Amino acid sequence: MALFVRLLALALALALGPAATLAGPAKSPYQLVLQHSRLRGRQHGPNVCAVQKVIGTNRKYFTNCKQWYQRKICGKSTVISYECCPGYEKVPGEKGCPAALPLSNLYETLGVVGSTTTQLYTDRTEKLRPEMEGPGSFTIFAPSNEAWASLPAEVLDSLVSNVNIELLNALRYHMVGRRVLTDELKHGMTLTSMYQNSNIQIHHYPNGIVTVNCARLLKADHHATNGVVHLIDKVISTITNNIQQIIEIEDTFETLRAAVAASGLNTMLEGNGQYTLLAPTNEAFEKIPSETLNRILGDPEALRDLLNNHILKSAMCAEAIVAGLSVETLEGTTLEVGCSGDMLTINGKAIISNKDILATNGVIHYIDELLIPDSAKTLFELAAESDVSTAIDLFRQAGLGNHLSGSERLTLLAPLNSVFKDGTPPIDAHTRNLLRNHIIKDQLASKYLYHGQTLETLGGKKLRVFVYRNSLCIENSCIAAHDKRGRYGTLFTMDRVLTPPMGTVMDVLKGDNRFSMLVAAIQSAGLTETLNREGVYTVFAPTNEAFRALPPRERSRLLGDAKELANILKYHIGDEILVSGGIGALVRLKSLQGDKLEVSLKNNVVSVNKEPVAEPDIMATNGVVHVITNVLQPPANRPQERGDELADSALEIFKQASAFSRASQRSVRLAPVYQKLLERMKH
């Protein structure tokens with residue numbers, strides 16, 4: 001009975017445990033990082049925390065999971081050391097840090113956390129030490145000794161030359177008139193300091209970094225009998241101006257100041273809120289070609305997008321960045337903010353020349369390059385940053401440059417440079433027309449395209465959209481990269497030159513002498529009307545050589561039986577359009593005959609029923625034609641399944657003839673005019 005009771009109690013504890021955990025308060029990011037550091041240090045004894053130190057510096061961080069495995073902070077290697085967690089100390093002869101630190105008053109606790117310089121300056125004032133040692137409840141954000149030592153000499157001199165006013169006020173600004181622990185330090189909050197009730201800005205980032213006026217907490221939550229001490233890495237000062245006021249008084253922001261005024265963003269930048277302004281200097285504007293800069297400054301929408309691309313939705317202090325971080329601007333562009341040693345980077349470039357200029361409504365970082373968003377660019381400017389320079393040169397040579405730099409609403413279908421590895425076509429009337437058919441008469445976004453949609457080109461063609469499981473294609477060409485949406489135009493990067501349809505499937509087959517036997521067979525089987533009318537077909541078209549490679553007996557049987565011939569031909573026709581870019585590892589395509597075709601793509605080679613396609617993607621208005629060098633057999637007609645006496649030998653002849661046909665068919669090709677023009681460029 002006693003055993004049963006114990007088991008029942010254990011079961012209840014297990015059942016209630018998770019519920020109790022869920023009901024408890026969520027830990028702050030700082031506490032979660034501290035907890036991880038404890039876990040990593042527990043092998044060294046109780047209350048031991050793992051700390052990462054950046055090699056060659058005195059910078060230390062409690063370690064999170066990602067940093068633990070990477071062993072890097074801001075790209076610099078780190079070493080792991082093990083220290084007592086906050087609030088604990090070693091005991092001689094004992095493992096780890098088993099003893100809690102004895103509580104003392106704030107003044108004495110400053111010495112415990114290593115802020116002896118703050119103690120020294122406190123002693124110099126007449127009033128502050130008695131307050132720190134007396135009754136009450138306070139929080140002090142105490143600068144480290146290194147923080148005091150790094151102050152400019154003139155600043156330090158001004159403080160110590162008037163200790164009972166300047167120094168006292170500076171120290172009081174680091175204090176709050178109540179106990180505040182890290183769990184209460186919320187991102188974006190302000191605390192009222194003990195100096196003229198001036199605000200202190202608090203930011204608590206998801207990576208566990210906590211900043212006070214952009215100074216990082218080094219050692220937090222050291223309890224005292226009359227409050228708590230947090231050690232920080234900088235001496236902080238009062239914040240008086242908002243972002244707009246700083247822009248107005250700094251000479252290096254003359255151009256930015258004019259741009260902000262013209263855009264109407266000054267109201268936001270002087271209002272409430274918390275922002276990060278990546279503030280371009282005058283030199284940053286001067287680096288932009290005058291034509292581009294004048295165009296943007298003269299376009300209110302582009303100008304607003306440009307400036308919003310330099311504003312983040314919350315305050316981001318430099319100390320919060322310990323690795324690459326994706327952040328979204330007010331304009332909507334994602335920037336990669338990172339660090340390399342002591343330098344901040346944007347999109348991998350060290351363009352921040354001055355950081356952590358604090359404002360009442362955020363923080364400013366000076367940058368030496370303008371961050372022009374796609375939404376403020378022309379199609380030419382979008383293409384300059386993409387792998388489509390060869391295509392852009394062709395558009396320019398063809399006299400289409402005005403369409404790519406003007407204010408027409410267009411979408412450019414630009415093939416990748418790799419498409420032209422074998423050369424580019426001469427610029428003639430056919431090439432110009434082809435290129436015009438790579439420009440859509442509307443500014444599109446790929447996320448709104450749908451299967452079967454038609455798009456009108458500058459060349460007057462109607463192009464179809466095909467949506468597949470893993471690709472989005474326009475005719476035979478598929479989108480190879482994310483859209484770039486500019487001020488008026490959108491850039492689609494395409495995986496090949498687009499071939500507009502030149503006629504129906506029957507027109508395509510009749511126009512190519514490789515298919516004369518297939519055309520005759522289609523006519524004999526009564527399928528001409530089917531392949532001439534509107535529809536969505538995928539035709540695997542056997543060449544003349546494919547028919548000649550059939551065993552004579554098989555060929556005679558087919559040509560002598562219209563019903564059987566129609567059955568075979570329908571097996572070559574899929575009931576939807578499948579271009580090569582839409583083929584995954586394996587697609588089962590239903591044929592008009594009823595059985596399914598197995599279509600696959602491996603190493604950029606399309607195969608149907610495991611036989612390679614000689615030439616894919618000849619587009620027609622009612623489908624697509626893929627050239628094959630063998631005649632496909634429906635499952636019920638294959639020699640092995642019919643028990644044909646000549647099955648083995650016929651199959652061997654078929655394979656040999658198919659191999660010969662694949663080798664020889666290229667010499668007899670007669671392609672439509674666009675395909676001849678692009679023959680050298682096709683994959």
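Just so it is clear, glycine is given a Cβ too, placed from its N, Cα and C backbone atoms.
It should be emphasised that the depicted structure is a prediction, and the values quoted were computed from it without experimental measurement.
The record in Swiss-Prot lists a disulphide bond between CYS85 and one of CYS49, CYS65, CYS214, CYS317, namely CYS49.
According to Swiss-Prot, of the candidate residues SER37, SER193, SER237, SER664, the site noted as phosphoserine is SER37. From CYS65, CYS74, the position flagged in Swiss-Prot as S-cysteinyl cysteine is CYS65. For CYS317, the disulfide partner named by Swiss-Prot among CYS214, CYS339 is CYS214. Across the domain 'FAS1 1' (103-236), DSSP helix (H, G, I), strand (E, B) and coil residues number 50 helix, 37 strand, 47 coil. For the domain 'FAS1 3' (375-498), DSSP puts the residue distribution at 37 helix, 32 strand, 55 coil. For CYS478 (disulfide bond) paired with CYS85 (disulfide bond), the C-alpha to C-alpha distance reads 56 Å.
Ranking the disulfide-bonded residues CYS85, CYS97 by other CB atoms within 10 A of the CB puts CYS85 at the bottom. Using a 10 Å Cα-Cα cut-off from CYS49 (disulfide bond), none of the recorded positions among CYS65, CYS74, CYS214, CYS317, CYS339, CYS473 qualify. Among the disulfide-bonded residues CYS214, CYS473, the residue whose Cβ has the fewest other Cβ atoms within 10 Å is CYS214. Here the disulfide-bonded residues are CYS49, CYS339, and the one ringed by the most other CB atoms within 10 angstroms is CYS49.
Cβ environment of CYS317 (disulfide bond): HIS203, THR211, CYS214, ARG216, ASP356, VAL363 lie under 8 Å away, each six or more residues apart in the same chain.
In this structure the C-alpha atoms belonging to CYS473 (disulfide bond) and CYS84 (disulfide bond) are separated by 60 Å.
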